[in-house]
Amino acid sequence: ASGSGFLFFVSCCLPLHLNEDNARFGLLAALILLYLLCGAVVFSALERPSELQAHQRWQEQLANFTQQHRLSLDSLQVLLRQYEEAFVTGIRVDAFRPRWDFSGAFYFVGTVISTIGFGMTTPATVGGKVFLIFYGLIGCAATILFFNLFLERIITMLAYIMRWCHERQLRRAGVGGVEARGEDDSLEGWKPSVYYVMLILGIAALVIACCASALYSAMEDWDYFDSLYFCFVAFSTIGFGDLVSSQRESYKNQEAYRLGNCLFILMGVCCIYSLFNVISIIIKQTLNWILAKLDCSRMQCPCQGHTYRRQGRACPCSRKQRFTNASVETVCDSETDAGRRLSGEMISVNDFMANKVSLAILQKQLSETAHGNPRQSHVRQNGFSGGVGAFAIMNNRLQETSVDR
């Protein structure tokens, strides 16, 4: 009952004149804001006490050091500020690898175009900062394109693997040996699930992270949990910079370690980026399901307008509906269908080819690839390909705009 009341409250707050895309965008913005607020509360509760304790310990250490060595606090703080300035340029108390030799610069540009940006190396000259702006503009765009093309190939491979597994399951069930047409019908109605893709990508990312963590624990003397933490921060391109691999002056088997480090980061970033795209599609489906619930809440007013009639006001539930010809049964049927898809059962290829339901781009590509259907010719007639995720959404908008003109 409380969930229905919340949905009804949100439905009254959402403007009815917005189309579905704008409503989805507004709902997503509101949920992200709520997500940020919850995250801020949790992290503040977890980290704020530790921050206060560290600040108190540092003040005590400064006081003890100035008393033991008979130094003024002001002169010591001047020295510490100078060290902070030197720290930005790569100066450390312990010996670390050079920041701006060829190998260090190559590591730096890799963190730039991958958008990881650890922050342990930054340009200090005006020329370096200006060059970074133009270099990163082109490099980041090219890398995002590479990640999208990588995701398309991963989806193609997974679609073939899932189709092969489905065919094998049909043969074991005796479908293929009974009638060829029956097998074709079973394959045509087969639904390659986006959730299987998310599961496979998640397992692949976890395996890569576990293997990389074992390597970092041995080479960097990190705790295994800290190594896992670094893998997520690096693979997701968050890149805090509190832990950075391959920064010591020398390692045992140094060249092999640096090569393995680059390969692990490359594979991890590709897998996590692909996983984020798939999760974003599932979030979009969840938003569609919520909007369908909101439509039902608008049409099924819990107050029946009695309270508002007694007060001489119009019930907000009696406002003009978005679909004037839609009935409660029609909207609730679409809600049931959305809930069915959210449960893991995706739309069949027959429904998709009949244009009965609008489906996510990833599901479309899975179906087309698994069934060997070629891309529609009109998709590329204006130079815009389908793509995946946000890349596909942009291409579809450009495609529609070009066709309208």
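Even glycines carry a Cβ here, placed using N, Cα and C.
According to TrEMBL:
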{"type": "DOMAIN", "residues": "95-154", "note": "domain 'Potassium channel'"}
{"type": "DOMAIN", "residues": "206-283", "note": "domain 'Potassium channel'"}
{"type": "TRANSMEM", "residues": "25-46", "note": "transmembrane segment"}
{"type": "TRANSMEM", "residues": "105-126", "note": "transmembrane segment"}
{"type": "TRANSMEM", "residues": "132-151", "note": "transmembrane segment"}
{"type": "TRANSMEM", "residues": "194-215", "note": "transmembrane segment"}
{"type": "TRANSMEM", "residues": "227-244", "note": "transmembrane segment"}
{"type": "TRANSMEM", "residues": "256-276", "note": "transmembrane segment"}
Folded-back contacts onto the transmembrane segment (227-244), same chain, C-beta under 8 angstroms, at least six residues removed: 111, 114-120, 205, 208-210, 212-214, 216-217, 220, 264-265, 268-269, 271-273, 276
Distal contacts, the transmembrane segment (194-215) - CB-CB under 8 A, six or more residues away: 154-155, 158, 162, 224, 227-228, 230-232, 235, 257, 260-261, 264-265, 267-268, 271-272, 274-275, 278-279, 281-282, 344, 346, 360, 362-363, 366
For the domain 'Potassium channel' (95-154), the number of residues DSSP places in helix, strand and coil: 41 helix, 1 strand, 18 coil
Secondary structure tally of the domain 'Potassium channel' (206-283) (DSSP, helix then strand then coil): 57 helix, 1 strand, 20 coil
